[in-house]
Amino acid sequence: MNPNQKIITIGSICMVVGIISLILQIGNIISIWISHSIQTGSQNHTGICNQSIITYKNSTWVNQTYVNISNTNVVAGKGTTPVILAGNSSLCPIRGWAIYSKDNGIRIGSKGDVFVIREPFISCSHLECRTFFLTQGALLNDKHSNGTVKDRSPYRALMSCPVGEAPSPYNSRFESVAWSACACHDGMGWLTIGISGPDDEAVAVLKYNGIITETIKSWRKKILRTQESECVCVNGSCFTIMTDGPSDGPASYKIFKIEKGKVTKSIELDAPNSHYEECSCYPDTGKVMCVCRDNWHGSNRPWVSFDQNLDYQIGYICSGVFGDNPRPKDGKGSCGPVYVDGANGVKGFSYRYGNGVWIGRIKSNSSRQGFEMIWDPNGWTETDSSFFVKQDVVAMTDWSGYSGSFVQHPELTGLDCMRPCFWVELIRGRPKEKTIWTSGSSISFCGVNSDTVDWSWPDGAELPFTIDK
């Protein structure tokens, strides 16, 4: 091939390559234009559709990597608009209690990362129910779980997770530093109250939607404490009860009215012969009913009922079916304190229906074992020990602990009444078992006007753990 032919050949090849490159560029421009046209056209359509948003989060914890996949269904038109929870409905008529949740936290914690907790409780907004709990700043089966039988420490915090889930670092939300707490939702935001600090100078920190709004200082300098269950919201105002003073004698008890995290009114109860601790409260036809723990001298439970102006009435559940623990055998009740085996106690609850009462109580008279619900049709006002219905939920051979009430508002359930519910703490570890830690799981039930069943839903963990050996 002579030089002229070489030049012609090279030129032809370059021309062909250039033409191909030009064609590819034109195709690329056309593709981009078509894609842009499709996206612009999609934005002009406003039809209702369901979207699924999948979020992937990588996090590392104790040299192990976890991938949390959160699949959130977003349904167009679903109401997430804030509403004011009215709280003016009456309690739903019920025949028994259906199992609602069980978190199995201790069983899962033998191998997984689960918080050491106590004092769990449940509270619901108009959109969801959450389990709140007081952590010990430690995980199960870890060295920092040692000594967590202690009630008050600077490591304790109020946290929350979706109801029915074991409380872990991966599904829990921090709420407040606290060794005593309560929380509730007014339809627009969460109110949390966390008490922390030294016994003689404790301070309650109020938060609304996570922002500090006010503080309340201990006024008797003797372990300021609150409910360990949900506060109550009615027509935009939330209500809670705090105690300050001795646990074995007369103390000071105050009701607080709170709006958007700010205290608008408070009163001190005039109750010199009563003792109110760890009250379990619920709304009923626009008023608030609280059933509490008498740690001083009553084996039946004291109650306080008040309206939105904090005008109140006080008393004790009259039934001879006694609700506290320890307690004597059922017998003759009293509308004042029943002094037999009245010292000490445990957090509990009851629901009033006219002259009748659903009494939730530990089955054992002397130790925190078993749990049962009893319907006494005249127990709010009469002192006999006859009852109509008994439903077992934890067997006498299994550990129980604190219990408390919570409600599901009509704005959540779609019912025209307030659904009564309760939770039971299932305490494991010290001081009754040979471990270095104390923690608990929980179960919960809601009232239904249909068939229910007797059974036992125990904690079920096999102890001791590896850390205990």
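Quick reminder: no glycine exception, Cβ is built from N, Cα and C everywhere.
The shown structure was predicted, so the numbers you read here are calculated from the model rather than taken from an experiment.
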Checklist entry - Looking at Swiss-Prot, which one out of D311, D324, D330 binds Ca(2+) in the same site as D294, G298, N344? => result D324
Item to check | Residue among C231, C238 that, according to Swiss-Prot, closes a disulfide with C233 | outcome: C238
Checklist outcome for this item: Going by Swiss-Prot, the cysteine from C318, C335, C417 that pairs with C92 in a disulfide is C417
Checklist entry - From the list C292, C335, which cysteine is recorded by Swiss-Prot as disulfide-linked to C318? => result C335
Item to check | Additional residues around Ca(2+), ordered along the sequence, whose Cβ is within 8 Å of the centroid of D294, G298, D324, N344 | outcome: H275, R293, N295, W296, H297, S299, N300, R301, R327, P337, G342, A343, G345
Next on the checklist: Comparing the disulfide-bonded residues C92, C281, C290, C335, C421, which residue's C-beta has the most other C-beta atoms within 10 angstroms in this structure?
Outcome noted: C281
Item to check | Cα-to-Cα gap, C417 (disulfide bond) vs D151 (active site, proton donor/acceptor), nearest whole Å | outcome: 37
Next on the checklist: Could you tell me the mean pLDDT the prediction assigns to the region 'Head of neuraminidase' (91-469)?
Outcome noted: 98
Next on the checklist: Given the recorded positions C124, G298, D324, C421, C446, tell me which ones have a C-alpha lying within 10 Å of the C-alpha of C290 (disulfide bond).
Outcome noted: none
Next on the checklist: Return the count of C-beta atoms lying within 10 angstroms of the C-beta of G298 (Ca(2+) binding site), excluding that atom itself.
Outcome noted: 29
Checklist entry - Could you tell me the C-alpha distance between C124 (disulfide bond) and D324 (Ca(2+) binding site) in angstrom, no decimals? => result 26
